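Accompanying notes for the structure given below.
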Amino acid sequence: MILEEGEGSKRYCIKRKHVAIICAVVVGVGLIVGLSVGLTRSCDSTDGGQGTTQAPSHRPPTLSPPQDQGVCPASEDGSGGWKDFRLPDFINPVHYDLEVKPLLEEDTYTGRVNISINVSSPTRNLWLHLRETRITQLPVLRKPSGEQVKVRRCFEYKKQEYVVVETEEELAPNGGKGLYHLTMEFAGRLNGSLVGFYRTTYVEKGQIKSIAATDHEPTDARKSFPCFDEPNKKATYTISIVHPKEYKALSNMPVEKEESVDDKWNRTTFQKSVPMSTYLVCFAVHQFDSVMRISNRGIPLTVYVQPEQKHTAEYAANITKSVFDYFEDYFAMEYSLPKLDKIAIPDFGTGAMENWGLITYRETNLLYDPNESASSNQQRVATVVAHELVHQWFGNIVTMEWWEDLWLNEGFASFFEFLGVDHAEKEWQMRDQMLLEDVLPVQEEDSLISSHPIIATVTTPDEITSVFDGISYSKGASILRMLEDWITPEKFQKGCQSYLEKYKFNNAKTSDFWAALEEASNLPVKEVMDTWTNQMGYPVLNVEDMRNITQKRFLLDSRVNSSEPHSIFGYTWNIPVKWTEDNESRITFYNRSETRGITLNSPKPSGNTFLNINPDHIGFYRVNYEVSTWEWIATNFSLNHKYFSSADRASLIDDAFALARAQLLNYKEALNLTKYLKMEEEFLPWQRVISAVTYIISMFEDDKELYPMIEKYFRDQVKPIADSLGWNDTGDHLTKLLRASVLGLACKMGDSDALNNASQLFQEWLTGTVSLPVNLRLLVYRYGMQNSGNETSWNYTLQQYQKNSLAQEKEKLLYGLASVKNVTILSRYLDLLKDSNLIKTQDVFTVIRYISYNSYGKTMAWNWIQLNWEYLVNRYTLNNRNLGRIVTIAEPFNNELQLWQMESFFKRYPEAGAGEKPREQVLETVKNNIEWLKQNRDTIRDWFFDLNG
């Protein structure tokens, strides 16, 4: 699975003449909401005969979903093993025969499953997972001999999401003499959410059409059909879909046969699968067209897409073939299935899902139109396609034993996606871009006391869902990047190949991967890497006399106890310290037992020689030099910034601003590193500068004295590159990315030329006769709407959003709509979020974030969430990670009133579900912001005053 892209804090200052009005509105609404949240008492919320055949018959299920609890009513009986969260070891599925019939017009489906089960200990009960879907017939159980076992009762134990089947007689262990067979008929609904088996719609030639598909990771297969829904309960599957004749069906495996049921229905049966986990089971019913490529080994690689969007699937098809062939070679293991399909789902809750043989995507992450999409869209498609392809090996062929080792799936996919795209698009510098996409962003997240280890204990579905976060994905990728560099790419590759071969079609743990790498490298991989996966956070290396190094835990909040929560490693790390001198690289190992630190084996640098520790930020740590060294770096940035690689410039700037934010370096030294920026011409440093200074900008945007100075300074720094690149959409891939970034900063900092260009292009676009340059559209929609938007232009933009069929363009238009400086229109926009015919379910939280980036909408968005929390919970459920994380829009808050309002809201709604960790993190961040302003405002103010003489 890939998460949807998050956005940085992208807001623009309110013009002074509006400040009084907006502040009055915001404070008034904030006090009303805060008082209602804080003073309102918390309210608790509550949530036929036996068959005779051993396997599903060829008769499609015909029952409609029940209006009651079905034949397996809910029970509080927790007297058996089903009271435990985990399934027992002695009951294991071997094979599923699954048949499903979607009734699209009724938004329901029916189904039947026959599960072949191995029982290794005596029991009177079988239990498996089920949620929301209902059993419609008393389950049928047969012994290995075929004799039917009388079922005494069945019931749902909803606390652990189980359905329990209790038999009259004790089931004896089958002991390898055949299997038990459990047959269950069930029915469910296709509407109401984007998980399990669900239906969504799209428009083709003015006609509304339907598609039904599944999304099961991590714990939603149980919503589609009764199953043993844990990743280590692998089994084979034979899947049949009964569907209207005008539709086609897809699943993990190729079609075995298609037959007519009657004059309206066909049955498509798929080949028996390889052993796989429940979360990878997938099926879809559609009327799409397709684009196909053939791999070097002859595997069909097919992209399914709405017929009118067929041309937008060409790039995904091309990149799939290139990356697929690369991974087959790199992993030295053939892809395991006879085909690989991809399908773009019009409304999809996550970024993409790696279902084995049938990968599902949000349209923005699969479909690319070179005439209408930006270079950033192209790169997003390439990286998501590559990410999901990695999973066909890491995750599908070898699956983590339990969700605590999720990073074995997601960290690996997040790392190898860059290698795959780097192979296919060699000019994009993807290995360097990993710094921007993963390493540096997640270091901010992991410097909170409320972070968590990569390997985190999870004991509820909400906790499982919540670990699909930056730690599992980006930190996982980052430590693999460090590990590959330490043991060498060749030995790393060899270890990966050995790991895949040894655990093929099985499950594995982190220790199994370490063992494979140790065998390949003959290095103490486990001893080193356990300190990175079994405790949260990372170190900062303090450098004295240019070669003496000590480590300590890096935390943004210098006031907290750095030894909490408890870690068996005491927040010390085994570190392969890489350093360069005169272009020669070395690695010195820093063992955590060396409490006095280490000394690098180098003579003291002299003159202009610089000992570069952690070149290209290859290690997952920060480096703090002495003040004299930071001053030397700033001076040499100005004299000859290309003495440092672009990745080093990005790394040093990011380290300096992070260290200053943590009170480990004076902001003077960090800000001095930006003085050279008028000469900077490369993407990596500029992108990281923008991210680094955004925090300062967001903290002072309401400061009437200081913000204008900050705005002018960075406006002057970015102007040379902004003017040089201009508004003509030309150049190579990285140039186009750079242009969009620096023009965006110029607009944010109030550059009149940039804002006038954006407004002029926006006005021309409003005439309906001009097509905007694809890489400048987002800028034009945002800043054109911000500077000259009104009721007329907003309505026109909304109409264009409704007319456009390309998801990437629609997303840009949603951002433009959120940028208007009119609280009445923004309020109307927020109300439209409840209209799923207008704003897709997948896009609701995206729009809320976009509105929060608007200085007029920041508090409005937060207040809307509070006032509509119960509606959002009912629509998405607390298990939805996007709902859980939406509270992070409050991260820029920096005063006591806002903090009180947040705490009051969380107190009123204490059930956080998958949002428990985001709540902890946003509260910590806001408290840090408040303290940061107290500690740093004067220092930053003095630097800007001194700069202006």
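For all residues, glycine too, the Cβ spot is worked out from N, Cα and C.
Per TrEMBL, the features are as follows:
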ACT_SITE  Glu388  active site, proton acceptor
BINDING   Glu217, Gly351, Ala352, Met353, Glu354, Asn355, Arg881  substrate binding site
BINDING   His387, His391, Glu410  Zn(2+) binding site
COMPBIAS  45-56  compositional bias 'Polar residues'
DOMAIN    315-532  domain 'Peptidase M1 membrane alanine aminopeptidase'
DOMAIN    611-927  domain 'ERAP1-like C-terminal'
REGION    45-78  region 'Disordered'
SITE      Tyr473  site 'Transition state stabilizer'
TRANSMEM  19-39  transmembrane segment
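Locations of recorded TrEMBL features on the structure.
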{"residue": "Glu217", "record": "substrate binding site", "Cβ contacts under 8 Å, 6 or more apart": "Met1, Tyr279, Leu280, Thr350, Met353"}
{"residue": "Ala352", "record": "substrate binding site", "Cβ contacts under 8 Å, 6 or more apart": "Met1, Ile2, Ile359, Thr360, Tyr361, Arg362, Asn365, Leu366, Val384, His387, Glu388"}
{"residue": "Glu354", "record": "substrate binding site", "Cβ contacts under 8 Å, 6 or more apart": "Met1, Leu280, Glu388, His391, Gln392, Gly395, Asn396, Ala413"}
{"residue": "Asn355", "record": "substrate binding site", "Cβ contacts under 8 Å, 6 or more apart": "Thr214, His216, Asn252, Leu280, Val281, Cys282"}
{"residue": "Glu410", "record": "Zn(2+) binding site", "Cβ contacts under 8 Å, 6 or more apart": "Met1, Gly395, Phe468, Ser472, Tyr473, Gly476"}
{"residue": "Arg881", "record": "substrate binding site", "Cβ contacts under 8 Å, 6 or more apart": "Thr465, Ser466, Phe468, Asp469, Ala914, Gly915"}
DSSP state at Glu354 (substrate binding site), helix/strand/coil:
coil
Over the domain 'ERAP1-like C-terminal' (611-927), what is the model's mean pLDDT?
97
Sparsest-packed of the listed recorded positions (Gly351, Met353, Glu388, His391, Tyr473) - C-beta count within 10 angstroms:
Gly351
Please state whether DSSP places Glu217 (substrate binding site) in a helix, a strand or coil.
coil
Determine the Cβ neighbour count for His387 (Zn(2+) binding site): the number of other Cβ atoms within 10 Å of its Cβ.
28
Residues close to Zn(2+) site centre defined by His387, His391, Glu410, Cβ within 8 Å:
Met1, Ile2, Glu354, Glu388, Val390, Phe394, Gly395, Asn409, Phe412, Ala413, Ser414, Glu417, Tyr473
